[in-house]
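Student: Got a structure for you, written out below as structure tokens; questions coming shortly.
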């Protein structure tokens with residue numbers, strides 16, 4: 001085999017050319033210099049003469065494979081040149097060969113095809129697909145004029161050297177030779193194509209068969225004119241965050257803003273993948289594009305893209321922790337969260353389920369002592385209304401609000417307790433209930449019955465943990481593990497029931513990639529559900545979505561002690577409560593039946609393993625459960 005890699009070998013090495021039918025003639029052993037590198041894949045003049053006289057070329061398997069690779073490289077270049085053919089229309093080779101075609105009009109013909117039967121690279125792996133697609137789209141600018149003039153007419157003197165009997169066939173081969181000189185003549189581009197093929201890009205064997213069949217039929221069929229419009233769609237890609245984030249920095253920075261929500265979501269995913277890889281330059285480029293295209297007042301999906309893009313930007317920008325926590329734990333954030341619990345059925349129905357579990361636990365008890373670690377006005381008003389409907393004479397509701405002085409949320413809670421007490425007391429008076437309110441400041445390890453004013457035997461004690469336990473640090477943040485310490489203190493109080501209401505979101509110990517994906521699905525469902533309850537331009541919705549955005553930013557952008565939004569899925573809560581010595585109290589079908597009448601279209605409740613899940617369009621958003 002020729003070490004230079006040419007598809008036709010030197011005759012003296014034992015390879016014969018066959019002329020005519022059944023006759024073999026050995027070519028003279030004339031010393032021949034190796035052809036230049038850019039012409040090593042092209043036929044020689046002897047080959048042209050052999051074909052012109054009706055001969056058939058014998059080639060080894062390795063030669064055919066090299067020829068196939070040359071055809072593949074030519075196909076890639078033809079596809080890339082399609083975009084620029086409008087400005088520089090190619091010469092129609094079919095019109096040049098009109099005379100030869102007419103002489104063989106009766107021969108078999110093939111329909112026009114786009115670049116050899118429309119073959120396109122089919123990546124064999126994620127990495128090769130990304131490399132092939134990016135190479136096809138980012139052709140160097142200096143190659144465009146050459147590719148725009150890739151189809152040229154054959155020199156008449158080259159055809160004149162061939163005998164008249166086979167002049168038409170030789171002319172076609174000369175045309176191919178001239179064409180390949182333009183297609184394969186750029187060494188730099190050839191190296192780039194070789195690198196692309198080395199990444200694993202392959203063409204199916206059936207497609208290669210069609211190509212070779214079309215090539216072999218060149219002496220029997222007329223050469224039709226090539227279509228002017230080639231398909232320029234990139235190969236399908238399944239990107240991997242670990243190998244493609246850096247290759248898209250320049251394209252993202254220079255591209256126009258995405259015009260569809262789907263493209264914005266894809267760009268958002270690529271930005272998150274770049275951050276996971278530690279490539280903040282690529283992530284910043286993607287987020288800069290999204291910032292221009294973001295529409296925080298559009299539909300739910302557009303609002304989600306704007307929200308999560310802002311969360312990722314805050315992770316790169318890294319504002320001071322004090323500034324970040326001031327916005328997340330401030331009075332406005334607390335008021336917005338209270339509003340969210342009131343206007344969103346996903347949150348309100350879960351709180352309603354917890355109230356029903358409390359009512360079932362206290363039965364007809366006259367004095368109910370409720371210990372709460374974050375008083376929700378909406379939940380307590382609904383509980384007062386439900387207690388008054390029991391019509392038990394002398395009903396008294398005692399509420400003890402526990403505030404942890406070490407928590408960053410305590411200042412806003414303490415500031416709001418005065419107004420909250422007055423509002424609940426006024427509502428209880430209207431409902432005909434006796435109401436008492438008390439605030440206690442203590443850390444998790446200081447929770448005791450005497451300090452909280454409990455009266456065992458004289459009251460029904462219940463503990464409410466609604467959207468608060470996820471903000472208490474666990475063992476991954478503090479060696480003291482205040483979260484488990486609080487649960488052990490609650491168990492020591494021996495309450496009739498402990499209610500837990502939390503978002504079904506894995507935002508505690510999960511890595512960034514998992515947290516980001518789960519946050520997108522979770523907050524996307526919440527934003528969609530708000531479409532069913534509030535107008536898009538509503539001021540209440542704007543405040544509620546601001547609260548959601550602050551939560552999402554903390555869950556995605558912060559790590560360590562700065563990340564205070566640490567929600568967990570129900571399975572982890574069940575394990576944690578079990579280790580603290582609390583056992584589940586199944587929420588029965590009766591509770592679910594009393595919640596369902598409040599459902600709006602699109603919302604649903606599910607009973608699973610004794611828990612009550614409230615969700616939107618099949619996605620569970622919040623979970624209410626009971627323990628003792």
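Cβ atoms are placed via backbone N, Cα and C, with glycine included.
Any TrEMBL annotation is an automated prediction that lacks curation.
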Student: Looking at 223-262, 263-302, 303-342, 343-382, which one does TrEMBL call region 'Disordered'?
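Tutor: The listed stretch tagged region 'Disordered' in TrEMBL is 223-262.
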Student: Between the candidate ranges 419-451, 452-484, 485-517, 518-550, where does TrEMBL place the region 'Leucine repeat II (LRII)' annotation?
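Tutor: Among 419-451, 452-484, 485-517, 518-550, the range TrEMBL annotates as region 'Leucine repeat II (LRII)' is 419-451.
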Student: Looking at the ranges 101-139, 140-178, 179-217, which is given as region 'Disordered' in TrEMBL?
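Tutor: The listed stretch tagged region 'Disordered' in TrEMBL is 101-139.
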Student: Within the region 'Leucine repeat II (LRII)' (419-451), how many residues are helix, strand or coil going by DSSP?
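Tutor: Helix, strand and coil residues of the region 'Leucine repeat II (LRII)' (419-451) number 16 helix, 8 strand, 9 coil.
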Student: Could you give the number of helix, strand and coil residues in the region 'SAW' (557-628) as assigned by DSSP?
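Tutor: For the region 'SAW' (557-628), the helix, strand and coil counts are 24 helix, 23 strand, 25 coil.
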